[in-house]
Amino acid sequence: MRIIVMGTPDFAVPSLQAIAAMGNGFDIVLVVTGQDKPRKSKHAAAEASPIKQAALALNLPVHEVDDVNDPHFAEIVAAYKPDVIVVAAFRILPPAVYSQARLGAFNLHASLLPAYRGAAPVNWAIMNGEEETGVTTFFLQQRVDTGTIIMQQKTAIAPEENATELIVRLANIGADVVVETLRRIAAKNAATAPQDDSLASRAPKLTRINTRINWEQPVATLHNFIRGLALKPSAWTTFNDKTLKIFRTTLSTPEHDHPSAPAGSLLVSHGKLYVHGSDGWLELLALQLEGRKPMEAADFARGLHVEGEALRLV
């Protein structure tokens, strides 16, 4: 089986490595990724994507693409005569590209479709307080994330697990699912099931707007929102007109309580830093103020010199 793998971030790397280890006629003929990113320093070499680095380590051919809709790209894909195209965290492919695969093109998606269709399924699942998620492989079709499902694998979301941690776990779970999906396609027993659009939910791209913290919410909701955006792009608020990124929190009550404090108030109690939501206090554990390095919230609290007093955060 001739396989083309398309992907960019770390999420795609375990799948590439797992396919490369299959042997027995499962051959990666090309790895497609985005173009190298220029670094901030003028003298530094451009940065290759994680999947390109992994592909080169495996001595696999790599093609960097700028525009997947360029007709020339479809011609390049066709020239490799792929039996299957495997996509993991890549761009939206046009039919002219994915139709080049003789046995079909499938995507590895980090949710239990039709839940959380879109660019940020892991983040939104945690932000919404889900206790379970998983991965799905499905055949590509023109509408994004709507193709027929080949395989799914569920996993529980731990109460304190953040998006960065969960993405790593799902990438490894997904690699096993990708391998089994390829085996089923090769054996011509890849049974599929259509998605029920009535059960669909969205996971839109993360932006500066939808990652800002609204403190007028219950602390459990705030905790989920913050861990769902950690460590990147991170949830944020403002403090003294500067951006304050919040990386880690825990549900904890301070000894010095100010029950009438408005939402968004900061409190330092016994060296710990808390912020008030709509129904109580949330302990902050790790953060970063604009212009400074990431730090433990306790270190930030020591610089405030306001033990037992409530300050307005936003």
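Cβ atoms are placed via backbone N, Cα and C, with glycine included.
For L112 ((6S)-5,6,7,8-tetrahydrofolate binding site), the same-chain residues lying six or more positions away in sequence with a CB closer than 8 A to its CB are E132, T133, G134, V135, T136, Q152, K154. Residues or ranges marked as (6S)-5,6,7,8-tetrahydrofolate binding site in Swiss-Prot (evidence: sequence analysis): S111, L112, L113, P114.
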Non-local Cβ contacts of L113 ((6S)-5,6,7,8-tetrahydrofolate binding site) (under 8 Å, 6 or more apart, same chain)?
T136, F138, D145, I149, Q152, Q195
